[in-house]
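K.L.:
Below: one structure in structure tokens.
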Amino acid sequence: MGNLKNKLLLRDVKYRGQLYDYFPKIQNIYVIGMVACISGLMFGFDISSMSSMIGTKHYNEYFDTPNSITQGGITASMAGGSFLGSLVSSNVSDAFGRRVSLHICSALWITGAILQSASQDRAMLIVGRVISGMGIGFGSSVAPVYCSEVAPPKIRGFVCGLFQFSVTLGIMILFYIGYGCHFINGTGAFRVTWGLQIVPGLILLVGTFFLPESPRWLANHDRWEEASEVIAGVGAHGDRENAQVKLQMEEIKEQVIIDRAAMNFSYLHLFRSKTLPKTIVGVCAQMWQQLCGMNVMMYYIVYIFDMAGYSGNTVLVSGSIQYVLNVIMTIPALFLVDKLGRRPVLIVGGIFMFIWLFVVAGLLATYSVPAPSGFDGDTTVTIRIPQSSKGAAHGVIAASYLFVCSFAPTWGVGIWIYCSEIFNNMERAKGSALCAAVNWAFNFALAMFVPSAFRNISWKTYIVFGVFSVALTIQTFFMFPETKGKTLEEIDQMWADNIPAWKTGSYTPEMPIIEDEEGHKLGLLGRTEHIESAEPRKNSADVEKAFVSHSSTDNASSRP
């Protein structure tokens, strides 16, 4: 029975991926990040594939104007597929590597896009969205993890942040494609839009062949030479004798020794006492990214503008501005997140988000009037701001834009970076997959809930999300540790030392000192800064000797 379980969970797989050896490998970390994060572009396409269509004449005529519950189900179907894809991705990623998972991501996405474009009815559309969603589930779980494992610590925030930047870019691109296509007569308006989703999938499918494998995945599979080659290629222009490369390899070896003591790591292990604090933080981070209200703006922007009294092409054009702002405001965050840190960015973002949500709720509560018959045949919108209160309508739109400007550089970028950093090698694939699955579970729930909420409680919907934003700000201060500038192994030591979250910014771990045979100190294990003058080891045997001794002493004592 145990052998069958191991086979089903892909634990006994010995995969080398020789097919990838025939392709030259990209060594520029920024290009590597851009290719891997094409899956984020697909994520963004998913969001706009519905928001750019649900208010158009051709979509509603062909699919018989879905009511709020049905439209919620159509929108949520991709999130449901993403939830499943996220959970499955970890075993595949651990067994076959990050590149294979990215290839599965692209293949599922392309298949789903073809089905959506060829949809003959709602059922076929939903099936296509579920399959595409499974691809996005793989991508959203694997791409941030891959980037965090390949990128050097000093720029890890930037490289991992490319995922969210790609999401925002994808949202904007497909929204404008949808806007242009809505002038096409007949079903071509949505078929062309959804068919063009195939393009990023094809680019990722081809580009992944040229990506190096994650060095930490290679190390976990005893492929040390290849792991060293990747780290040297990405961080030291191919110089495997570089002191930082050697020290980083020793960090990884130390972590692998710890990991080997706990083989067959499962999802249940994420809820044991040692790992539970990380799991709570990661799960809550992804949950709050959904509950802060951003996807209300993205999926259902048409409804928001309807409430504000706008109609026709004005809704699509005005709605597109938030997508442009989303992209623009994400760019500075890529550079600032490694300078300012994760905690300050998330806390400040939470404060501004709840301010703008309460402003929108207040304006709608004060100036809107009932619209019991709905708007343009859609009964989801039950309130509207009349022409006599255009100032209030402008205020709603301005606050919505400011909310996007507050979210994009903070909780937009920060969470995907954060959840890829907080777990160690053994935990990372399953931990990140679980966190991504939670994100998609709440994405699914909101897609189902929001149309009904707009219909039944109208402006009070914004109060609900405003309260959530207050809660996330408080939890971030008390529970989210700082990870800026720390190696992944160093972050793991920080958790083991049980440092209060608000003190982690200045935390430096006391990790084992690495020495060579003559006693020359190479530096603290876990620190890759300030070692340019360190004397390199004489041979690889020294590395193994050091780690055997550390695994029996220092590491054992550091466990809670």
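All positions are counted from 1 along the displayed chain.
In case you wondered, yes, glycine gets a Cβ from its N, Cα and C as well.
As the structure is a computational prediction, the values presented were derived from the model and not from experiment.
So TrEMBL has the following annotated:
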type     : residues : note
COMPBIAS : 532-547  : compositional bias 'Basic and acidic residues'
COMPBIAS : 549-560  : compositional bias 'Polar residues'
DOMAIN   : 32-484   : domain 'Major facilitator superfamily (MFS) profile'
REGION   : 532-560  : region 'Disordered'
TRANSMEM : 29-48    : transmembrane segment
TRANSMEM : 68-88    : transmembrane segment
TRANSMEM : 124-146  : transmembrane segment
TRANSMEM : 158-179  : transmembrane segment
TRANSMEM : 191-211  : transmembrane segment
TRANSMEM : 315-337  : transmembrane segment
TRANSMEM : 344-367  : transmembrane segment
TRANSMEM : 396-419  : transmembrane segment
TRANSMEM : 431-450  : transmembrane segment
TRANSMEM : 462-480  : transmembrane segment
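In terms of burial and nearby residues, how do these features look in this structure?
P.N.:
If you look at the transmembrane segment (29-48), the same-chain residues 6 or more away from its ends with a CB under 8 A from one of its CBs are 78, 102, 105-106, 109, 129, 132-133, 135-136, 138-140, 142-143, 146-147, 150-152, 155, 158-160, 162-175, 178, 197, 200-201, 203-204, 207-208, 210-212, 234-235, 295, 298-299, 323.
For the transmembrane segment (344-367), the list of distant contacts is 292-293, 307, 333, 336-337, 383, 385-386, 389, 392-393, 395-396, 399-400, 402-403, 406-407, 409-411, 413-415, 418, 458-463, 465-467, 469-470, 472-473, 476-477, 480: same-chain residues at least six beyond its ends, Cβ to Cβ under 8 Å.
Long-range contacts of the transmembrane segment (396-419) within its own chain (CB-CB distance under 8 A, at least 6 residues past either end) are made by residues 140, 144, 148, 156-157, 160-161, 163-165, 167-168, 282, 285-286, 288-289, 292-294, 297, 301, 304-305, 307-308, 318, 321-322, 325-327, 329-330, 332-334, 336-337, 342, 345-346, 348-350, 352-353, 356-357, 359-360, 363-364, 385, 431-432, 435-436, 472, 480, 483.
If one looks beyond the transmembrane segment (431-450) by at least 6 residues along the same chain, the residues whose Cβ comes under 8 Å of a Cβ in the stretch are 69, 72-73, 75-76, 79-80, 82-83, 86-87, 89-90, 93, 133, 137, 140-142, 144-145, 267, 270, 275, 278-279, 282-283, 285-287, 289-291, 295-296, 299-300, 419-420, 422-423, 461.
Remote same-chain residues near the transmembrane segment (462-480) are listed as 277, 280-281, 284-285, 288, 291-293, 296, 342-343, 346-347, 350-351, 353-354, 357-358, 360-361, 364, 411, 418, 453, 501-502 (criterion: CB distance under 8 Å, separation of at least six residues from the stretch ends).
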K.L.:
Which range out of 68-88, 124-146, 315-337 gives the transmembrane segment (158-179) the most CB pairs under 8 Å?
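P.N.:
Against the transmembrane segment (158-179), the leading stretch is 315-337.
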